[in-house]
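Report on the following structure.
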Amino acid sequence: MVREAEPPDGGWGWMVVLSAFFQSALVFGVLRSFGVFFVEFVAAFEEQASRVSWIASIGIAVQQFGSECCAWIWRTSTLGRERECGDRKGEGEGWEMQAGRRPRSSRSAPSTSSGPVGSALSTKFGPRPVVMTGGVLAALGMLLASFATSLTHLYLSIGLLSGSGWALTFAPTLACLSSYFSRRRSLATGLALTGVGLSSFAFAPLFQWLLSRYAWRGSLLLVSAISLHLVACGALLRPPSLAEDPAMGGPRAQLTSLLHHGPFLRYTVALTLINTGYFIPYLHLVAHLQDLDWDPLPAAFLLSVAAISDLVGRVASGWLGDAVPGPVTRLLMLWTTLTGVLLALFPIARAPTALVALAVAYGFTSGALAPLAFSVLPELVGTRRIYCGLGLLQMIESIGGLLGAPLSGYLRDVTGNYTASFVVAGAFLLSGSGVLITLPHFCFSAATSRPQDLVTEALDTKVPLPKEGLEED
């Protein structure tokens, strides 16, 4: 099978975009609309806001932390299938001329994971069954949550089980999408993530209506049925056949180089800070509005207003990311700064008109930063290192996702309102913006620089790499 040297920038990639669209809707749309259930859980279990906040926080953290394991499995399986195919075509030849590049050795390369389990994963699993399994787990978690009698049950069902399912769907889908696009990557990512805005617009009032008709237990049963559609999203995934760069090595070699790559580590710190405050409005805005004597349905509708603006922001940002010259990091810093400022202004607004205006502005800026956050990563680590890079990034930034909502709930319990919660959330995003300024070429663009140049710089640091992750000549 002929392997392409560069991403095709289209073809079946648009079907992967469609899959990512619905997948992002069914994962993050549910997460961002979960503030509607937050108020019900506080009343049903008579618990403090900080304790109830752990439900969504555990789910977010498990989703992000588990993406590292999923990305590792997916990258290992890709290398395993490529080596197996190369071994069959080589038939003992040390070199094969394919797509104008140096071919692999015909000998079987060492497994990138030690032990029989790693070998089995490298030959059997790909993104499609992994994402489909994740859909089943996400639905099962919501199903079991409908029978919960304590917060601990919700921690385990929604937080751990559904969170594990979300982890198995997100990383392979986004990594598969990134491998299909290069020149139009920001636009493709923006279109894929518009599913978050559409589903947030629909889910917030829908969940509120379901709660009024079926209470929280019946509503979770229906959310479980909705989540099962993730299985269909996984069935659409089919990774492209790209020529493997021999210098990239296996997952262990890539992971080692990334841990010594300064720009990647600084970017990870920035996104961790951003992630700490990013989800606060979607978890606590409805509760904040009810503290201001808003009725539940209008409060949920305000989330829908923000979601529509979020959708517009994602599409506009994806287009600007490809059209505006210079590093995408600059646009990401702009949207992150504006989002942080708007978050801090939420407690000041009291009039309905002011709150709606803030929701529209916040929705646009927070939606605009999302596709760029993933478009910057290939520029830092290269397309063929995207799997390990995305997984490691998600694992570390899960710390912010885990601590953000409980910290916000704790501040609410201590102060009696959400003023400090929103101000602190905004401060986290502004801190992340400050770290983004330190990334390479932020102030001055190198005319001849390419995304892969930063990867080459990381490899030139003479970091000792594990031998089992590299091809033999």
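Any Cβ shown, glycine's included, is placed from N, Cα and C.
According to TrEMBL, the compositional bias 'Basic and acidic residues' annotation covers 83-92.
The annotation compositional bias 'Low complexity' is assigned in TrEMBL to 106-116.
Residues or ranges marked as region 'Disordered' by TrEMBL: 83-121.
The transmembrane segment annotation in TrEMBL covers 12-31 (among others). Within the chain, the transmembrane segment (12-31) has long-range Cβ neighbours (under 8 A, six or more residues past its boundaries) at 56, 59-60, 63, 131, 138, 166, 169-170, 173-174, 176-177, 180-181, 188, 191-196, 198-200, 202-203, 223, 226-227, 229-230, 232-234, 236-238, 240, 279, 282.
Annotated transmembrane segment per TrEMBL: 130-148 (among others), in sequence order. Packing against the transmembrane segment (130-148) from elsewhere in the chain are residues 23, 26-27, 70, 73-74, 154, 157-158, 160-169, 172-173, 217-218, 220-221, 223-225, 227-235, 237: each is 6 or more residues past its ends and has a CB under 8 Å from a CB in it.
Residues or ranges marked as transmembrane segment in TrEMBL: 154-175 (among others).
Here TrEMBL flags 187-208 (among others) as transmembrane segment.
According to TrEMBL, the feature transmembrane segment maps to 258-280 (among others).
Here the transmembrane segment (300-320) has long-range neighbours at 32-33, 35-36, 186-191, 193-194, 196-202, 204-205, 207-208, 281-282, 285-286, 289, 294, 331, 335, 355-356, 359-372, 375, meaning same-chain residues at least 6 beyond its ends whose C-beta is under 8 angstroms from one of its own. The transmembrane segment annotation in TrEMBL covers 300-320 (among others).
Annotation comment: TrEMBL describes 332-349 (among others) as transmembrane segment.
Residues or ranges marked as transmembrane segment in TrEMBL: 355-374 (among others). Same-chain neighbours of the transmembrane segment (355-374): 174, 178, 186, 189-190, 192-193, 196-197, 271, 274, 278, 281, 289, 302-303, 305-314, 316-318, 321, 328, 331-332, 335-336, 338-339, 342-343, 345-346, 349, 390, counting only residues six or more beyond its ends whose CB sits under 8 Å from a CB of the stretch.
Look at TrEMBL and you will find 386-407 (among others) tagged as transmembrane segment.
Long-range contacts of the transmembrane segment (419-444) within its own chain (CB-CB distance under 8 A, at least 6 residues past either end) are made by residues 263, 266-267, 269-274, 276-278, 280-281, 284, 288, 327, 329-330, 332-333, 336-337, 339-347, 376, 380, 400, 404, 407-409, 411-412, 454. Annotation comment: TrEMBL describes 419-444 (among others) as transmembrane segment.
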